[in-house]
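Below is one structure, written out as structure tokens; comments come after it.
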């Protein structure tokens with residue numbers, strides 16, 4: 001026994017002083033968090049349609065992402081970088097929140113290897129494999145990503161071609177619990193091919209990116225025999241965007257088209273997930289997004305997101321769905337650390353069905369807040385904010401107070417940070 005322990009100790013010591021460990025000069029620590037406390041007119045904080053009316057004063061969760069990364073090998077132009085990230089989500093209701101009873105949910109979000117310096121002709125191009133957030137395109141004030149093909153995969157990114165760079169990836173994004181009538185075999189494997197070209201500048205101050213995502217459901221033999229929802233077609237999503245420097249900020253225009261199982265993203269504020277839960281053989285959708293961040297003065301800045309989307313036949317019952325959403329957030333910096341924030345958002349969505357009926361959704365949110373953060377940068381974090389919000393369902397959906405009210409208010413304190 002003593003000999004075994006001595007052998008193990010020697011092995012551990014040798015591992016700790018090995019060249020591969022000593023090569024790690026620093027660990028990169030990065031992440032995101034939001035947390036807070038608040039009340040509404042009906043108990044705890046209400047959260048309603050935040051991707052449509054805005055997130056400020058309209059979030060009720062505690063969420064965090066903790067990432068660790070390190071360059072584990074470096075020789076001349078060749079670099080091997082390992083990255084990892086875990087996430088945690090809870091409702092913030094108790095002191096001790098564990099996985100018991102789903103008080104808290106933990107997830108493995110990223111675990112990948114990124115290699116530079118091995119592609120001839122471009123030492124900055126990256127070969128990668130593993131699980132990662134893949135080039136996500138974010139709309140921060142409504143907490144959604146309009147282009148988001150993330151998951152386990154592999155690819156080559158940022159390979160210089162002409163004035164820009166090409167990225168090609170294969171990413172897995174399965175659909176779960178599609179049809180539980182097939183016992184133990186209701187998850188469908190879906191593979192995406194993602195191709196992007198970014199960096200072409202047609203004029204001074206501009207920047208463009210275009211891409212295509214091709215989703216391929218890959219059912220098992222049993223699922224193919226069963227048919228139905230498992231008999232899903234391959235789908236495509238096209239994205240093109242152009243950004244323009246403007247008054248020290250920017251404005252961006254995004255145009256998107258999607259069909260089949262990807263079409264519903266155009267009216268759901270989604271970023272590329274495949275809908276296996278509805279019949280989508282004839283589905284088509286379009287989306288236009290305009291967003292920008294403009295520092296109007298040294299102390300006053302404004303961020304907006306305007307979304308218009310339209311889709312046909314996204315379910316076997318739905319003829320057409322139209323969506324329009326507009327959210328604006330203004331910020332005024334009183335002192336280096338004190339700011340006033342206001343956010344207003346509204347949306348309207350109409351689903352028209354093949355039987356001639358329709359379903360309407362719509363509403364507004366108004367928020368005022370006092371924030372503490374180093375200014376005047378609009379996105380400077382960490383930030384602590386005290387807020388009050390009013391939320392209203394203008395289409396009589398009664399989403400509040402146990403289905404009895406069309407409106408409610410929130411009051412609370414929230415902190416947000418990324419690093």
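Placed from the backbone N, Cα and C atoms, the Cβ positions cover glycine too.
These features come from Swiss-Prot:
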| type | residues | note |
| --- | --- | --- |
| SIGNAL | 1-23 | signal peptide |
| SITE | 32 | site 'Greasy slide, important in sugar transport' |
| SITE | 63 | site 'Greasy slide, important in sugar transport' |
| SITE | 250 | site 'Greasy slide, important in sugar transport' |
| SITE | 418 | site 'Greasy slide, important in sugar transport' |
C-beta crowding around residue 418 (site 'Greasy slide, important in sugar transport'), within 10 angstroms:
13
Quick one: which of these recorded sites, 63, 250, 418, have their CA within 10 A of residue 32 (site 'Greasy slide, important in sugar transport')?
63, 418
Near residue 32 (site 'Greasy slide, important in sugar transport'), how many other Cβ atoms are within 10 Å of its Cβ?
16
Can you tell me the CA-to-CA distance separating residue 418 (site 'Greasy slide, important in sugar transport') and residue 63 (site 'Greasy slide, important in sugar transport'), as a whole number of Å?
12
Any same-chain residues 6+ apart from residue 250 (site 'Greasy slide, important in sugar transport') with CB under 8 Å of its CB? Would you list them in sequence order, or say none?
243, 244, 292, 293
